[in-house]
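Below is one structure, written out as structure tokens, with a few remarks after it.
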Amino acid sequence: MEKSESNSEGLYLQNILNVPPPQRFIVLIILALWIWTWILKFFLHSNLDVSQVILTRVPHDIRPGYTLQQLHRTARNFALKITRIIIPFHFATVFLFEFMNIIEGPLKNIILIVYFLPLIQCVTIFWFLLKECQIIKYCTRRCLLIESSPRSLRNTYILISDTLTSFAKPLIDFTLFTSLIFREPFTHFDLSVALLPVLVRLLQCLREYRLLHEATLLFNALKYSCNLPILFCTWRSRVYEGSINEERLHHVQRWFMLINSSYTLFWDVRMDWSLDSLTSLRSRSKSAVTLKKKMYHSAILVDFLLRFWWLWVYLSQNLKLVAADSDYIFFQGEMQYFEVIRRGIWVVFKLDAEYYIKFASK
């Protein structure tokens, strides 16, 4: 009896975490909205007015920008509104998805509803986002025309564009599933969609280099271009699925992933967070940091662990700690959740670095 109860509890927990792949994309968007709210609350408690380093209104708007308190209140209200709208859709999607898998020969109408529900939620979220946040709408329309001045506007562009890159894998799952509305998934269309955030950020770096002629922008562009071989290997492995070439491609892909993770970790810490020393952190200034030192050290450690999470999964497979065909350690899709959380940590210390550059370093 106790064993049965234990198994049922484990199954219940697994069902909570194992959200259907297309719905996971929606859950991650909601999570990102709440993380942004918590970030603003953190800066409120830390007395760091980061509203001074990001543009909160479109450039031609003559009204003063949002204060940090206003920004936090607006973000919280928006996250609450979207969460309340999505919750009924979420439970309906999960229920119908499970129902579709249980019954034999599911009704065509149920299949169509299951395929459409995540798409409806996605359209709803982005419609409200673009309607109620004019600065996001402005930056989205001009994403390839990134403006380097004022710096606060550039920071807003970068926060939006870099956050989108963290949704590449969820986008693949979402696009694959949604394309089933048309009976069969579009061939490799999901990879094209996942490529868009990377290309946007890559082209932004090249445009900035053409305007400013700063060498670091080329190295930043190189960082984003490291994603291209990884996606190429994914595409080729599909072509050679089931053959010996597939395993060779996976091996090559892991080397590219190792290079990409190492490069991006260095860039996060050294360039984006303006930290040049693990001991003194910002060694060139007496007022080295604006937060507690242990926060920076913890962030670097967490960034390292999450950047290389794919490697921990791979090592766990080789050590037979998880199944050989498993792509997770704790629960399905964990890497996508961890990436959104890692991005939230990156945003905290990116804004901290911008605040330091504008105020503390002077």
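Each Cβ is built from the backbone N, Cα and C atoms, and glycine gets one as well.
Ranges compared are 85-105, 211-231, 337-357, and Swiss-Prot records transmembrane segment for 85-105.
According to the topological domains annotated in Swiss-Prot, Gln23 and Trp310 fall on opposite sides of the membrane.
Within its own chain, the transmembrane segment (25-45) has Cβ neighbours under 8 Å at 19, 68-69, 71-72, 75-76, 78-79, 82-83, 86, 89-90, 118, 121-122, 125, 163, 167, 170-171, 173-174, 336-337, 340-341, 343-344, 347-348, 351, counting only residues six or more beyond its boundaries. Packing against the topological domain 'Cytoplasmic' (46-84) from elsewhere in the chain are residues 30, 33-34, 36-37, 40, 125, 128-129, 132-135, 138, 147, 150-153, 155-156, 159, 290-291, 351-352, 354-355, 358-359: each is 6 or more residues past its ends and has a CB under 8 Å from a CB in it.
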